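Quick look at what TrEMBL annotates:
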| type | residues | note |
| --- | --- | --- |
| DOMAIN | 74-333 | domain 'ABC transmembrane type-1' |
| DOMAIN | 364-561 | domain 'ABC transporter' |
| DOMAIN | 647-930 | domain 'ABC transmembrane type-1' |
| DOMAIN | 966-1200 | domain 'ABC transporter' |
| TRANSMEM | 7-27 | transmembrane segment |
| TRANSMEM | 91-112 | transmembrane segment |
| TRANSMEM | 165-185 | transmembrane segment |
| TRANSMEM | 191-210 | transmembrane segment |
| TRANSMEM | 275-296 | transmembrane segment |
| TRANSMEM | 308-328 | transmembrane segment |
| TRANSMEM | 491-512 | transmembrane segment |
| TRANSMEM | 636-658 | transmembrane segment |
| TRANSMEM | 692-716 | transmembrane segment |
| TRANSMEM | 772-803 | transmembrane segment |
| TRANSMEM | 873-895 | transmembrane segment |
Amino acid sequence: EMQEKKIFVSLFLGLFLVLFGVLIQKICTAQEKKSTYVWGLCKVLKRVCSCDVQSVHYFSNMTFNCVAYLICPRLMINFVSDPNDYLWHGYFYALLMFVAALMQSICLQQYFQLCFKLGMSVRTALMAAIYKKVISNATRKESTIGETVNLMSADAQRFMDFTNFVHQLWSAPVQIVLSILFLWLELGPSVFAGVGVMLLLIPINAVLVAKARAIQVKNMNYKDERMKIMNEIFNGIKILKLFSWEPSFQKRVEKIRNQELKGLLRFSYLQSVSIFVFTCAPFLVSVVTFAVFVMVDEDNVLDAQKAFTSISLFNVLRFPLAMLPMVLSSLVQVSRPFFVCQERLEKLSVFFLPGCAVTDYVWLHAFSHYLTLGYILHFPCSVNLEIPCGSLLAVVGPVGSGKSSLVSAMLGEMENIKGHINIQGSVAYVPQQAWIQNATLKDNILFGSPLDEARYQKVIEACALLPDLQLLPGGDLTEIGERVLTFMKSLFQFLNICVLLSIGILLCWFLFQTRILVTHSLSFLAQVDDIVMLVDGKVSEKGPYSTLLSNGGEFAQLLNTYGSQQEGNPEDEATGNCHDILCNYGSITSSNMSLKKALQGKPKEKEPVAEIKGQKLIDKEAVETGKVKFIMYTRYLGAVGCNLTTWIFLAYVAQAAATIGSNLWLSEWTNDAVKYQNMTYTTAIRDTRVGVYGALGISQGLFLLAACMLSAHGAVRASRVLHKHLLSNILRVPMSFFDTTPTGRIINRFAKDIFTVDEAIPMSFRSWLNCFLGIISTLLIICLATPYFAIIMLPLGLLYYFVQQFYVSTSRQLRRLDSVTRSPIYSHFSETVSGLSVIRAYGHQERFLQHNEKIVDINQKSVYSWIVSNRWLAVRLEFVGNLVVFFAALLAVFARDPLNSGIVGLSISSALSVTQTLNWLVRMTSELETNIVAVERVHEYTEVPNEAPWVTLQRPQSSWPNNGEIRFVNYQVRYRPELQLVLDGINCYIKSSEKIGVVGRTGAGKSSLTNCLFRILEAAGGKILIDGLDIATIGLHDLRQKLTIIPQDPVLFSGSLRMNLDPFDQHSDKDVWYALELAHLKTFVSSLPEGLSYPVSEAGENLSVGQRQLLCLARALLRKSKILILDEATAAVDMETDHLIQQTIRSEFVDCTVITIAHRLHTIMDSNRVMVLQAGKIVEFDSPEELLQQHGVFAAMARDAGILGNQDTAL
């Protein structure tokens, strides 16, 4: 009758929960219609709690679980205790237990399959939403790249993990209530003593969760900050190498990493305490309940039926008590990303008007913006501007006047304070800094447009690209990496113009409709229709060239002061060809002739051709196959520490021994009911039983606490060691590695793989060791009860081993595929972030969104396959576990006469627990092996060959170089072994304090020359001597710290302005201010409230490109090197700033050797000598005067630039 009541109660509660789910579904459906504010939450609740197949499977699982784990063990114990019971009853009970356990397994695994599919869908939706948020207009002001990478990697994975167990939020309390109800039926009011213990544990749980939340939120901020810096390091790695700043940024990252690991250690300690409390909770409840039960009434004797039914209930109680804090912890971890991921897209203030009949001009009306790129507030700028349709408008002004901001505002990239912009038709955009995708050159030109071969060839011809394509190994099929090689950078600005042609919007004067040209060059302003002069964010003047010149305003002053440096006769230049704007140097007429010949001789591409050597730049990421090498485990354990690993293992063994001891002691205790059936059960015996049982339970918890504490300390130590080795090595690899490896692939190591090392591997190790020792303990107990079970163990073990091996190899490779297919997601994301303005200007957001969805779907294929393989494993392993239960019960029926009820109860209750434990052991074996792949991937990047040592035993004198003499001796260099030489047989001698200009068309080898001086590229032949010392014989930092470069791309890092100038704090504030004064930035920096502590945003986006270039000049002034290299350093500044920079260089570096890579010929016309490079060889090398008289290559360049031999070129 009692069993029937229990079954009825279980089924009734299951039906009640189904109806409860239906009620929640109806409430959520109604709420959706009422309020859009809670629409998202209601949708999730509806999905999770709806009365669908998922809920039915879960409730059915609970019902079969009740039958298999609560009712059948009691029936079996009654059967063994009663020798007069029919034998077929025992067989029936064993079969019933097997069938109920089997049905419970099937329902549970079907439920998990649906949960994991839901989690996968949530992860996919989040990643798509995050990417969509990134490509929206307001994102860059809200989140850094590092934060967003973390959202897409770790936080999205946390969401997926949380949805897998979200039902535990309500089912865990229900299971606790059910267990207490059944315990009441077994032990009566004594159960309230155990309930009291559980109530005392609730505030402990609340404190642990609150502290864990605080630590986790702080740790997430540390992760975001670390990933932001790592992203900046990889984007600006060349600057770090040129200035020898790697140690400074390594210390900066390690400082944040140490804070992160301290938080992780505190979180792990709290987790250890939580595991201790909730492992001891069922035991403490059972000890207190049993003690009260036997003490309140002398007639209450603890027999096997009550004890082991109660033990089974306590085991059922153990799962929700263990899962509830874990689910609450997961809820804490996802609560912050949930609100961050909410999409808050701003409404744009730029209106695109379709058709041409609406209006014939573009207007900016009462347009006021605050420059809020980054997070620093600049001056407000108010602009009223009309641009007639078909006109050519030039925007000029000094550095920081708002030229780039005006263009950004028209593209919708700025935050609108008031006013509006109306634009008729489509927009094309050529940014100041070229943005190139990781694809072939042809794909970059087409930019998603269908290929029209005839038109494509015309675009190539119009942009004068054919001579440049001949330098590339694969022509227009050459793959371009994220970090384009320096000799190709000018070429890539042409590619941006090619995009305009290929999509048919704008190009030359006769093809463009309305053209807005933001420029610092003055030589062709006479050709434009209107000129807008910006000063301090406002339109100072507007009108035609002649009008502004006659007005005598700021524009006329600028032109009179600096115009002669760029042009001979502006009016004559007005009739020049538009290619003067686009091409660097060279005769346009001769170029056009050669282009046409090349075009005629170039066969049309009809069939795919074989890949040419050097054409492929980015190789696919290598995927390891086969079993993970055992050395990876030893490498991780070595990082933990050998001594610490030994103590952790001994602590877990001691905990398992205490568990076996407590179970055996309880078995003996229950036999007292038979032994002292007609005798007095003394208080001393009772107290001994209770005391020893309690002591064994407490020792079990203490050993577990010690093991968890030690493993937490060891895991943090391993994380520190592995991350340090990875970071140290990645900063020492040559530049060619970054040129050929996508940033996302490297970021993946520092994001997902380090996250796995930090959190997943320690948990996998702990779980695996617990499961392994638990199974050994269970099998020992079953064999002790029924020795014949050892015979059954052999075939079951073979079946178990076969399933495990088949699954582990599959799961391992699927996880590897998951890691490899995850990298393109991050690479595409980084690429998108760097080109957001271009993507939005061309309106290609949808195409990039679709591509992101495509690569996420590719990743999801491996994720889904892994989920299905887990369910395949679980069904088969739980079947093996159910066979263990069945044979343990069957053997107990066969040998019931010599057995006592206590040992049978212990055997069956242990066998019931082995089902889940077997499943978890294989799962944890696979999880551990797949997670250890992260160690394998981290180790892969710690083994990448390094560049030359930073410091060697042969160190130059501290005063070297004294003179700054440079000699190239038959010098040769190539970018990669399979490519041709970019410099071939360079022989030259540069005297001390000599000023050298280097010129040549795109790809001639100008920037490669500077890379060789810094040993960014190592020699393929010959050598470079500085003051007679071969630079190949000294350390890289000893060399690079003695040279100074003002680079072509002004790269800044997030942090203070002072950190960007002096990251090692080697100079006083006085020196820094003096350098800023010489760089003409002192006034600007002084006007900032923070001064030198002014926070620079990511990539320096809260400063104009010109201001960034001036900061690079200030860096050079601080270093005071004997040799200075200017790599087209004034390309992004106006003429006035250019003049100031040249003046500063000539006064402050008068005793230095200066090598200038020329962008504007006037900057090198007063050089001592000019080096003309062509195809990697020196074709001319003499003074500018001599070269102009020779009528060679340099003279042709000077004529094209409007510089005459008799012109005064002194600055």
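Cβ coordinates come from backbone N, Cα and C, glycine included.
Non-local neighbours of the transmembrane segment (275-296) in the same chain are 183, 187-191, 193-198, 201, 204-205, 208, 302, 307, 310-311, 314-315, 317-318, 321-322, 324-325, 662, 686, 690, 693-694, 697-698, 700-702, 704-705, 708; each lies 6+ residues outside the stretch with a CB under 8 Å from one of its CB atoms. Taking pairs at least six residues apart, the transmembrane segment (636-658) and the transmembrane segment (873-895) share fewer than three Cβ pairs below 8 Å and do not count as touching. The transmembrane segment (772-803) makes no contact with the transmembrane segment (692-716): fewer than 3 of their CB pairs lie within 8 A, with pairs spaced 6 or more apart in sequence.
Remote same-chain residues near the transmembrane segment (873-895) are listed as 76, 79-80, 87, 90-91, 93-95, 97-98, 101-102, 105-106, 108-109, 112, 782, 785-786, 788-789, 792, 796, 799-800, 803-804, 807, 811, 904, 907-908, 910-912, 914-919, 922-923, 926 (criterion: CB distance under 8 Å, separation of at least six residues from the stretch ends). Residues of the same chain lying 6 or more positions beyond the ends of the transmembrane segment (191-210) and with a Cβ under 8 Å from any Cβ of it are 176, 180, 183-184, 270, 273-274, 277-278, 281, 284-286, 288-289, 291-292, 321, 324-325, 328-329, 332. Taken together, the residues in the domain 'ABC transporter' (966-1200) have a mean pLDDT of 86 on the 0 to 100 scale.
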